[in-house]
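Each remark here refers to the structure printed beneath this line.
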Amino acid sequence: MAMITVTKSLLPILAIVLLFSTTVNSQGLVVGFYNSTCPNAETIIRNEVIDILTKARTLAGPLLRMFFHDCFVNGCDGSVLLNGTKTDPAERDSIPNLSLRGFSAIDKVKAKLEAACPRTVSCADIVAIVARDVVVLTKGPTWDVLTGRRDGNRSVSNDALANLPPPFVSAQQALNQFYIPKGLDAKDQLVLSGGHTLGTSHCSSFNDRLYDFNKTNKADPRIDRFYRKKLEDKCKPNDQTTLVEMDPGSFLTFDNGYFKQLAKRRSLFFSDDTLMLDPINRAYIKRQALNGADTTEFFTDFAASMIKMGNIGVLTGTQGEIRKHCALVNK
C-alpha cells in the first residue's frame, strides 16, 4: 500500500477514496464499514479533529497515545474511555494512564456522530480514526483505517498496569513482555516508538535516569551529557508536573525527528534509548537520522504498524456494544 503525506487541501480527496474502499481483514474489520449506515462518519470525525487541533495543537500527541493505551489493554475496544469509581477504578484511573489527555475531545467527536447517526459509530473506531487524523494533520502519513470495532464493557485499572510497557524497562524486556504477546514484532516496536515524535512527557517518566539510575544516585551514563544538562534544568528531583517535549523543537510535527534524537542518545525514556542496543534497530535509527527530510521509509512502516496494532483483540459482529456515551457502558 503506497503511503502519502496529506495536507488539508487533500482531505476532500482522501474522504472520497475512503468512502469507496472495500478492504476486509481476517478480524472482520472493513475499510468503509460505515459507508451505508453513516456515510459521513469519517468526514465528521476529521472536521472535529481539525477544529480540536486548531484550538489546542498540543492534543495531537495525547490523542495518538490514547490509541496505543487502548489497544494494549484488552484490545482496541474503547475501554480506556470508560469512567471508573472510587471502589471500582477503570483503566483511565491506572497510574500509566493518569497523564492521558483528550477524553473531552473524544466526547466532542462522539456527540457530533450521535447527532448524525445515533448508536452507530463505536467509540473504539473513533479512537482509531482520530489517531490517524492527528498524524495526517501534523504532516505525517495516512492510511486506510479498518473499521467495524465494537466497544468493550470491561475496564479495570490493574489491566492497564499489567499491559502497558513502562518507560523504565529495556526495549528487549518490553518486546518480550508486551509487544510479542500482542502479535507485534521488533519492527513494530521500533517504528511505533517513533510516534514519540509527537507530544510531551512528564519528568516523572524519566527522572530516575537523571538522578538515580539503577539506584546509584547517579545519572544514566548513556544520556548525552549536554542533553542531560538541559533536562536537569527543566526537571528537578521528584518533579511530577513539568512537561518536556519528546522531540525538542518538533513536538507538534510528525516527522523522523525522534530517531535523530535517539541516534544522538537524546531520548527521554530508557526503553527507547535501549532500542539502540539491537544492531538491526540501530541501523534503522541511524538511517532515519541520515535521511534528513526524507520520511518515506518511516512513514510507510509506521502506517503499516498502526494498522497491525489496530487489529489487537478487536470485538466485531454481535460482540460488545456501541456506546451512546464513550465514558459509560450502555444501560
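Any Cβ shown, glycine's included, is placed from N, Cα and C.
Keep in mind that TrEMBL annotations are predicted by a computer and have not been checked by a curator.
Under the heading signal peptide, TrEMBL lists 1-26.
Per TrEMBL, domain 'Plant heme peroxidase family profile' is recorded for 28-330.
For R65, the entry in TrEMBL reads site 'Transition state stabilizer'.
Cβ-based neighbour count (10 Å, all protein chains) for H69 (active site, proton acceptor) stands at 21. The active site, proton acceptor annotation in TrEMBL covers H69.
Packing around G75 (Ca(2+) 1 binding site) is summarised by its Cβ count: 22 other Cβ atoms lie within 10 angstroms of its Cβ, all protein chains included. Marked as Ca(2+) 1 binding site by TrEMBL: D70, V73, G75, D77, S79, E91.
All protein chains shown were included, and the count of other CB atoms within 10 Å of the CB of D255 (Ca(2+) 2 binding site) stands at 21. If you look up TrEMBL, you'll see T197, D247, D255 marked as Ca(2+) 2 binding site.
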Not counting T197, D247, D255, residues with a CB within 8 A of the CB centroid of the Ca(2+) 2 site are G194, H196, L198, M246, S250, F251, T253, F254, N256, G257, Y258
Sequence-ordered list of residues in the chain of D70 (Ca(2+) 1 binding site) that lie 6 or more positions away and have a Cβ within less than 8 Å of its Cβ, or none, is C76, D77, G78, S79, V80, L81, A124, V127
Surrounding the recorded Ca(2+) 1 site, with Cβ no more than 8 Å from the Cβ centroid of D70, V73, G75, D77, S79, E91 and those residues left out, we find H69, C71, F72, N74, C76, G78, V80, G152, S155, D159, G313
Closest by Cα to D247 (Ca(2+) 2 binding site), out of the recorded positions R65, G75, E91, is R65
